[in-house]
Amino acid sequence: MNYKNRLRKNIGKNYLFMLLNNFSFTNGIWMIYLASKGLTLTELGLIEGIFHITSFFMEIPTGAIADIWGRKVSRICGRMVSLLSSIIMLFSNSFLEFTMAFIISAISYNLESGAGDALVYDSLKEIDEDKKYMKISGFNELIMQVASTVGLIAGGYLSKYNYKYAYIAAIIIGLINFIHCFSFTEPNIEMKTEHKSLKAIKDQVVESYKIIVSNKGVGFLLIFSQAIFMFNTSIFFYFQNYLLGNGISQDIIGIILALSSLGSAIVGANGYRIERKIGQVGIIAVVPILISLCIWGAALSKYYYIFFIAVSSMESLIYVVVGDYINKLIPSEKRATILSMGSMIFSAYMIIIFPLIGKIGDMYSLKTSFQVIALIATVMSIVSFTIFSRVNKRYE
């Protein structure tokens, strides 16, 4: 099989990777699981904060590793470290033990973030099919959310009997995905760095930073999109405890979270069609305002679960479309590093916001926490709208 055919097969193999990677039995129950071990909302916020502190400092180095050593190597290492984290979670019983599992988990996310998208985009670019990226990314999102839907329902069901059953199932799926990662073909991207050394990593980071500084459009899109992801992630995880506190059982929680993933799947898969209809103005200026309004709905309405599903669906649209915008603006040899810088921005947001939500939840209530998130989202959507109106022409 020739080189281009192997690269073309990367796309299908990545669909399988995304299916296995997002078939998570634990994503919808980990906060409830830790709470069952005696952790408070403040401690849950601190653990997630530590996760993102680790991610903040490790994101760019791991992105540079993907650009220098290869996206495939980074992905393999990420799955191996993820397995280790799940095993530690299974046997942990204290705050410190869970913290260690989260630190290791953060590194696994770092090794995958940037590397996976770069592997797909550069595979397409090598075979002159990079214009298909938004459509392929949308189908990726569909697979991710369908897998997440099934995983959330199954995880909720398993956790009714024993939380550890969900982690055992996650370890089995993770092992299968780890083995699958060896089947990818690395795109032959010409690198300017010649030596796989710490100096090469430093140079890669510095050069990537210069690209972001010189191209304000890239910087704006990274800051903008990661803020949206932060709001959705914060609500998604604390929503587990919020629902449990309202007397909803674990299996029903799994179904509600699964419905949000299903909504995300439908919207994400049609992201390229929606973008054609509403354009950049609609995606970047209008959608964030709609998201902030829906967060208010989740915080104040008795139909909070409907607004929660709406937030997740619109976040999926941002993920697919803005990801395509960003990839078109950055060079292949710096792609994983720059995308990792985006993830670092996400971690910076989460370091501040996630523990704050937990503390407010302990002091007052999670409903109050959601109102604070809604207020912050409203302010940031207005700021985003203002900035976009000024710099729009720079990245069109």
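Backbone N, Cα and C define each Cβ position, glycine as well.
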Correct range for transmembrane segment (source TrEMBL, candidates 90-107, 252-269): 252-269
The transmembrane segment (252-269) versus listed stretches 15-35, 50-69, 165-185, 218-240, 369-388: most Cβ pairs under 8 Å: 15-35
For the transmembrane segment (369-388): best-contacting stretch of 218-240, 281-299, 338-357, by Cβ pairs under 8 Å: 281-299
